[in-house]
Amino acid sequence: MKRIGFIGCGNMAQAMIGGIVKAGKYPGSRITASDLNEKNLAAVVERYGIEAAANNIQCAEGADIVILAVKPNLYERIISEVRDAFREDAIVVTIAAGRSMDSTEGAFGRRIKVVRVMPNTPSLVGEGMSSLCNNDLVSEGELQEVVEIFESFGRTEVVEEKLMDVVTSVSGSAPAYIYMFIEAMADGAVLDGMPREKAYKMAAQTVLGAAKMVVETGKHPGQLKDEVCSPGGTTIEAVATFEEKGLRNAVITAMRRCTEKSREMSRG
Ligand SMILES: NC(=O)C1=CN([C@@H]2O[C@H](COP(=O)(O)OP(=O)(O)OC[C@H]3O[C@@H](n4cnc5c(N)ncnc54)[C@H](O)[C@@H]3O)[C@@H](O)[C@H]2O)C=CC1
Ligand SMILES: O=C(O)[C@@H]1CCC=N1
């Protein structure tokens, strides 16, 4: 069984480690992590039974698959720190927004197996959405091994690298938009007298249920919306108000800015 190393053990790494361990795909003993924040790292070790590396170099040395889970602006520094510690045939997995595979190889200063992934935080509860692409050194079988790690905590898609900026907008960053929508729905309910805890529960369960309807029925979202709107009823009042206030336009414009930001980050 392969050993997975996480360099950086913040929000996204914890979501992934939690997902992997809960799925039983890899035991905690096959996962190593390093982080400058020793207190946080110790908490993750305690929670999931993974191993702590003394530093990034030790983490890279012992791993077959090394996931770089630090902020994008730290990639250059971390890669120059650990590049000589990588095993010859190790795979480096990047999850940073706007980080091309070419720039990763450039930072290593040599050809290296790279898988670029854009995951999202719902990985922690087994409902992640991760899109992956790989460079030519990664074999079909090796890509499959990485896909299986990400599949252990959600769904996956293999995409062309040119789609990764849009992927960031539609799934990597997207949980934040949905949380804002849930929060706004709860505020609306609280405004009309609903206790807040109940409002969050109802809004969140409704988002979960509606998403499941799209995924499981295969029906067009517009059709599912139409099925809720009774003629002259309550829902169409809300739908007409969203259109009047430009909900779709706000979503599309925000997502284009998100995609553009990712492209900008790739340009450095
Ligand atoms: N948070 C999210 O929803 C998603 C994040 N990503 C990507 O994941 C990466 C990490 O993001 P987050 O987990 O949100 O950030 P975070 O700030 O929660 O975690 C980064 C971790 O790196 C650690 N760190 C900082 N300097 C270090 C060093 N020199 N050596 C070792 N560890 C060090 C920090 O202590 C921190 O625990 C980013 O590249 C981001 O683009 C990708 C998809 C979704
Ligand atoms: O906000 C960010 O830059 C990262 C990438 C996708 C989600 N969080």
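Backbone N, Cα and C atoms are what each Cβ position is placed from, and that goes for glycine too.
Automatic prediction, not curation, is the source of TrEMBL annotations.
What TrEMBL records for this protein:
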type	residues	note
BINDING	Ile7, Gly8, Cys9, Gly10, Asn11, Met12, Ala69, Val70, Lys71, Pro72	NADP(+) binding site
BINDING	Asn56	NADPH binding site
DOMAIN	3-98	domain 'Pyrroline-5-carboxylate reductase catalytic N-terminal'
DOMAIN	161-265	domain 'Pyrroline-5-carboxylate reductase dimerisation'
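Features per TrEMBL, on structure.
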residue : record               : DSSP class
Ile7    : NADP(+) binding site : strand
Asn56   : NADPH binding site   : helix
Ala69   : NADP(+) binding site : coil
Where the record names Ile7, Gly8, Cys9, Gly10, Asn11, Met12, Ala69, Val70, Lys71, Pro72 as binding NADP(+), the maximum Cα to Cα distance in Å: 14
Listed in sequence order, residues with CB under 8 A of Ile7 (NADP(+) binding site) and six or more positions away: Ala33, Ser34, Asn56, Cys59, Ala60, Val66, Ile67, Leu68, Ala69, Val70, Ile78, Val82
Local confidence of the prediction over the domain 'Pyrroline-5-carboxylate reductase dimerisation' (161-265), expressed as mean pLDDT: 98
Per-state residue totals over the domain 'Pyrroline-5-carboxylate reductase dimerisation' (161-265) - DSSP helix, strand, coil: 91 helix, 0 strand, 14 coil
Residue among the binding-site residues Asn11, Asn56 whose Cβ has the most other Cβ atoms within 10 Å: Asn56
For Cys9 (NADP(+) binding site), nearby residues of its own chain (Cβ under 8 Å, 6 or more apart in sequence): Ile17, Ala33, Ser34, Asp35, Asn37, Asn40, Leu41, Val44, Ala69
